[in-house]
Amino acid sequence: MSQRADSGHTNSGFNGGSEVSLDIPTNTLYHTSRDCIVQEEQGPDESCLEGTQSCCSNLWSNIFRKKTLYKRFPILVWLPQYKKDYIFGDIVAGISVALTVIPQALAYAGIAGLDLQYGLYACFLGCFIYIFIGSSKDVPIGPTAISALLSFQIAGGSWQMATLLTFLTGLIEILMGVFRLGFLIDFVSGPVGAGFTSAVSLIIFSSQMKDFLGIKTSGNTFLQVWISIVNDIYNISWPDFILGIVCITLLLSLRALASCTLGPKEGKTTAQKLLTGIFWTIGTARNALLVCGTAGLGYWLFVNGKENLVKTVGFVPKGLPSFQPPPFHMDAVVNETTGDVLQEAQSFWDMVSTLGSGLIVVPLIALLETMAVVQAFADGKPTDATQELIASGVCNVANSFVQGLRSNGGIARGAILNASGVRTQLSNLYTSVIVIIALLYLTPCFYYIPKAALASIIIAAVIFMVQYRVIKPMWHSKKTDLIPGLGAFFACLVLPLQLGILVGIGINVVFILYQAARPKLSIETLATTTGLKYLMLTPDRCLIFPSMEFVRKVINKQGQKSTLPVVIDCTHIYGADFTAAKVISTMVMDFKLREQPLFFYNLQPRVAQVFEGLNKDLVVIYDISTLHAKLAEKSPPI
């Protein structure tokens, strides 16, 4: 404890009809919370029905006012300002993303356990809709590795379940946006997000081993998949394995080529600029180039009668999907030959119960992914999580009508958009047009794509998702943050992803609750100008029920150690609840029985009103001179 003279400071007060003993200077003004509620009294002639009609009318006018329309339809803001100079940048960016998203969509459909066309179905309608309601020019709508893996673990490889998941999670995103629930992603801390992403990358890597090695695997979790890999490793297909190694080597080399520049940063010659641009274009389009090259290899093997040397994708239906509502029930599927039931019939509620917690986890993870893209390229400008929730929700609801996978913004494609010189959301139009062309005319070529090549595209992408770099800074900054991060990491490896991320969030919430239950109290021995000593105890946060017993024990312990008056500095106490009021009442009575003075200094009036409901004997003081006078009354001078 330290001993010093209290210089004091004067706080303002309030004058209300409170029965609590409040010593507040009458010539000062107390500045209470900035949040206030103004309640207008309802006139006697205004009925409940009229009030409801007025509320609905105000809500309707608020929705369709100009400011709200501009906020919910960002195209109204950027389209009138569109310039001819923007066209080239948007076209280049849209084509660049299309060359990336087409091979990725084929591979992501495989991760989701679906036929490849379902990945492409998710890449055109959502892109088109995002042009009108998307708030960021750097967000390319499409399937991602994480959303595909979540779809597989939740929907189990059924296109009906995956489509319903797309529809329902889209609706939930819209509702979250309407009710402004974007703050929920704040419960997914940085360590938990890093642990989740790292576990996802390892799971996706493992899921591609079946095509990379040409073996059979089974299971949903990391451990189950690797057990099946070890059990079937003797059936490895060496041609698939060698092709996969070559593809990964080429992809990593071309990725490095994309960042190569010739000449100085400033003052490049025309030839240097041209070569740098060629390097970047080749590196950016590496996935498309690999797919085209390996498809040519697959066709050559087919023509020469060696089609069984490597496993290829096979038949992909040609044309656009039919526009229809998502399946709200599943009919039973029976083998006509044997009569065995291949798939049980499921009602809508059966399907929803199967999706389970994934209906909540998927929108949260999707929002995390999308906002990571938005904030990465926002250049310090404010971002709107609410609008991105609504936009993502509408896009996914639309995708469900064309049997598309879950879609949202991906950080890799967002980086390509930004580096391509994207100017507006119109780049999504060119991406969707190219995807439509691919569905209409190029699907016969997909037949010859080796599965090992698609697996290599995914593996070369996810190895950079392992966030091992955060461990060292976390260790030097706050070691305890490693616990929820590692908890989420191992939980996601052992359990299904939707449960693993909930485990990580749960561990994080436990840490938050523990900190809330153990506030810090600074304890000082101070003295007035006349030499009167007293204890000053200062809690560092508001008083709520988890922390009250701890606070009471600390204050009582300090009070029993000394016969000095005790002053609780309530400067940082901006809120309290009934439990806090009950404990404070008990504590006041304890001090009264010991005949030991107890004062509350600088307690906010709204908190004092909570306390006064149970005990009107507490003494609240707002002025240092009044405090010194009260101390002089209770204690003889030293």
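A Cβ is built for glycine as well, from the same backbone N, Cα and C atoms used for every other residue.
It should be emphasised that the depicted structure is a prediction, and the values quoted were computed from it without experimental measurement.
Features reported for this protein in TrEMBL:
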| type | residues | note |
| --- | --- | --- |
| COMPBIAS | 1-13 | compositional bias 'Polar residues' |
| REGION | 1-20 | region 'Disordered' |
| TRANSMEM | 86-109 | transmembrane segment |
| DOMAIN | 88-482 | domain 'SLC26A/SulP transporter' |
| TRANSMEM | 116-133 | transmembrane segment |
| TRANSMEM | 145-171 | transmembrane segment |
| TRANSMEM | 183-205 | transmembrane segment |
| TRANSMEM | 241-262 | transmembrane segment |
| TRANSMEM | 274-302 | transmembrane segment |
| TRANSMEM | 348-368 | transmembrane segment |
| TRANSMEM | 429-449 | transmembrane segment |
| TRANSMEM | 455-471 | transmembrane segment |
| TRANSMEM | 483-514 | transmembrane segment |
| DOMAIN | 535-617 | domain 'STAS' |
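Tertiary proximity for the transmembrane segment (116-133) is limited to same-chain residues at least six positions away from its ends with a CB under 8 Å from its CB atoms, namely 72-75, 101-102, 104-110, 139-143, 148, 159, 162, 166, 313, 316-317, 321, 387, 390-391, 394-396, 398-399, 401-407, 425-426, 428-429, 431-433, 435-436, 438-439, 443, 446. Computed over the domain 'SLC26A/SulP transporter' (88-482), the whole-number mean pLDDT of the model equals 88. Helix, strand and coil counts from DSSP across the domain 'STAS' (535-617) read 41 helix, 15 strand, 27 coil.
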